[in-house]
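Features as listed in TrEMBL:
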type	residues	note
TRANSMEM	B:6-23	transmembrane segment
DOMAIN	B:11-75	domain 'MrpA C-terminal/MbhD'
TRANSMEM	B:30-47	transmembrane segment
TRANSMEM	B:53-76	transmembrane segment
TRANSMEM	B:88-109	transmembrane segment
DOMAIN	B:122-174	domain 'MrpA C-terminal/MbhE'
TRANSMEM	B:155-172	transmembrane segment
Amino acid sequence: MIELLASHYTYLTAMVILAVGLYGVVASPNLVKKIVALNVFQVGIFLFFISSAFVLDGVPAIGTHGPGPYVSPLPHVLILTAIVVGVSLTAVGLALVVRIYDGYGSLNEQVIREVQADD
Amino acid sequence: MEFSLFLALLVFVMISAVISVTLRDVLSAIIALAGFSFGAAVVYVLLRAPDVALTEAAVGAGATTVLFLVTIVKTVRPAGERVFERIRWGPAALALAFLGTISLTIPSIPRVGAPDSAVVAGDVTRYYLEMATPETGVENVVTAVLAAYRGFDTLGEAVVVIAAGMAVLLVLRREVYV
């Protein structure tokens with residue numbers, strides 16, 4: 001157990017961040033905070049990918065003429081794309097939140113449900 | 001020295017994630033999220049991913065924070081006397097069950113920094129490291145893969161960004177918001 005902790009610490013951190021993000025998405029009544037939690041969840045996945053590319057005593061894959069070892073560039077590329085897509089999704093989500101606030105006058109999940117039930 | 005710094009950073013990132021999710025005040029949560037994002041960017045630097053770290057610091061900690069701040073200017077910021085939310089045990093149990101389930105996979109993941117792991121020693125990685133600079137003339141292999149080998153992927157990314165921009169404009173199409 002302790003050896004696993006010592007040899008997989010970044011993966012464990014990523015998984016803890018995923019769990020914290022999931023808790024936030026489910027537990028927060030406020031819609032903006034749900035999106036904050038979604039961003040936290042996302043970083044957990046990024047950290048998992050970047051950890052998988054890491055080599056002990058490795059160097060970034062820039063000017064690959066030296067002896068190396070080099071970290072793998074492929075997960076880095078995937079995560080670069082994912083970060084930009086994540087921000088786009090955050091922007092759309094927040095725009096919907098602004099629109100929901102305009103329609104219901106609240107950002108609280110419970111209040112919005114009650115208003116919907118009244119209509 | 002670097003290892004203990006690294007562990008301290010990982011602890012910082014985990015704690016700031018918990019803080020940003022549990023803070024009651026939305027503005028405080030957003031600031032905590034920016035700190036969390038920046039901590040993650042420094043972790044990427046220590047994991048030898050400078051390109052990702054730059055993007056995370058600029059886009060994750062910068063642009064996302066601005067988007068959130070604009071949102072709370074346009075909406076409300078619920079006030080309350082409590083600093084942190086009360087813990088809700090149902091979702092907490094769900095998150096713990098999720099953590100327990102995914103951490104079952106840890107023994108089958110190669111240890112951190114293993115030089116023989118499937119990602120690092122795989123054919124694709126080896127090909128990119130050997131051939132990217134001779135084939136594309138770009139010294140930075142990440143840039144070469146992003147713009148040349150996976151160019152269609154990057155084009156798709158640009159399409160997603162444009163689609164998101166159009167969606168935001170459509171959702172907020174009234175003059176009140178512009």
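Here the Cβ of each residue, glycine as well, is placed from N, Cα and C on the backbone.
Owing to the predicted nature of the structure, the values given are computational and were not obtained by experimental measurement.
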For the domain 'MrpA C-terminal/MbhE' (B:122-174), would you mind checking the mean pLDDT of the predicted model?
90
So what's near the transmembrane segment (B:53-76) in sequence-distant terms, Cβ-Cβ under 8 Å and 6+ beyond its ends?
26-27, 30-31, 33-34, 37-38, 40-42, 44-45, 177
When DSSP states are grouped into helix, strand and coil, how many residues of the domain 'MrpA C-terminal/MbhD' (B:11-75) land in each?
58 helix, 1 strand, 6 coil
Secondary structure of the domain 'MrpA C-terminal/MbhE' (B:122-174) by DSSP, residue by residue, totals 44 helix, 1 strand, 8 coil
